[in-house]
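The following features are taken from Swiss-Prot:
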{"type": "REGION", "residues": "45-64", "note": "region 'Disordered'"}
{"type": "REGION", "residues": "88-160", "note": "region 'Disordered'"}
{"type": "COMPBIAS", "residues": "102-111", "note": "compositional bias 'Low complexity'"}
{"type": "COMPBIAS", "residues": "130-154", "note": "compositional bias 'Polar residues'"}
{"type": "DNA_BIND", "residues": "184-241", "note": "DNA-binding region"}
{"type": "REGION", "residues": "247-290", "note": "region 'Disordered'"}
{"type": "COMPBIAS", "residues": "252-290", "note": "compositional bias 'Polar residues'"}
{"type": "REGION", "residues": "332-391", "note": "region 'Disordered'"}
{"type": "COMPBIAS", "residues": "336-349", "note": "compositional bias 'Low complexity'"}
{"type": "COMPBIAS", "residues": "378-391", "note": "compositional bias 'Polar residues'"}
Amino acid sequence: MCVLKVANQEDNVGKKAESIRDDDHRTLSEIDQWLYLFAAEDDHHRHSFPTQQPPPSSSSSSLISGFSREMEMSAIVSALTHVVAGNVPQHQQGGGEGSGEGTSNSSSSSGQKRRREVEEGGAKAVKAANTLTVDQYFSGGSSTSKVREASSNMSGPGPTYEYTTTATASSETSSFSGDQPRRRYRGVRQRPWGKWAAEIRDPFKAARVWLGTFDNAESAARAYDEAALRFRGNKAKLNFPENVKLVRPASTEAQPVHQTAAQRPTQSRNSGSTTTLLPIRPASNQSVHSQPLMQSYNLSYSEMARQQQQFQQHHQQSLDLYDQMSFPLRFGHTGGSMMQSTSSSSSHSRPLFSPAAVQPPPESASETGYLQDIQWPSDKTSNNYNNSPSS
């Protein structure tokens, strides 16, 4: 019994302490409310004071400051007395409740507006992120004109591939044990409930194309391979490249392209036989705008080559003229045969400035070595050469 009485006493003490705390919190909240109301009235009076009366002069500023302090102290004292007495005016309480309701209404309206914006933004994001299936994408059922243009660009004159699915692949995958790690496929991910989803990224625009949900990963991987062949052609990275066969090569249609020397077939004659070497045309899809650019590039290259050839001819003519003028001055009349030999040897390779001065070497000289049969001048001619003025 004593234990029960002590417990009851402790319970009573705890209840009294809790009631005291509640009273203290209530008094503090009421004091804060009174201070807030009086401060608001004081601010309103202070702001309305300059409009009702002219601004005070500098001499009376100290009096006004003292008066405002006295008003603040009196407001605080009256608020404390009202709180201690428990007399709260009804109109002020109603005003406080009205202000609280106004703030709560404004906060609720702003919260509803924000929630509505979030919901609308989410709906827009869902509409923007809505993906298309492969059939809709390539058939153009619910797709836009851009999708149709992309599909028409993809179905150009390129090589055609056929993707064949084998039954052995599914049997092999079904024979995998649970301990062995599964193979990861490109463009395939597993759903939480066990299904396998496949999707692919469109290279022509920033969008993902939904390929569907499948029972196993291999079926999803094969669906990805078929879509990748449609999108990227021979540049596609496949999960099962062994299932692809080339059905039709790239069509070689006659296009009005200016044929240049680099694109013409070259002929090489080896041991009396003529072999034609045709240029290799890449199988990748080329844009239509590359043809006029290639034409302009070929034209500019041919023009540059022609100008370079003219410059070389002009430079060689000037060198030949310099040789004709300098050799007689150096070697005199004895060096005429050497000048004729050099001019004749150069005439076979390039045109000269004056063709009349060129004489072919004798047949015996070409057979026995013309340069070895040259006779050097005697002492008299060397003395004449030393006495002759230098060029």
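Any Cβ shown, glycine's included, is placed from N, Cα and C.
Worth saying up front: this structure is predicted, and the values here are computed from it rather than measured.
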Legend entry - Number of helical, extended and coil residues in the DNA-binding region (184-241), per DSSP: 20 helix, 18 strand, 20 coil
Legend entry - Averaged pLDDT, computed only over the residues in the DNA-binding region (184-241): 90
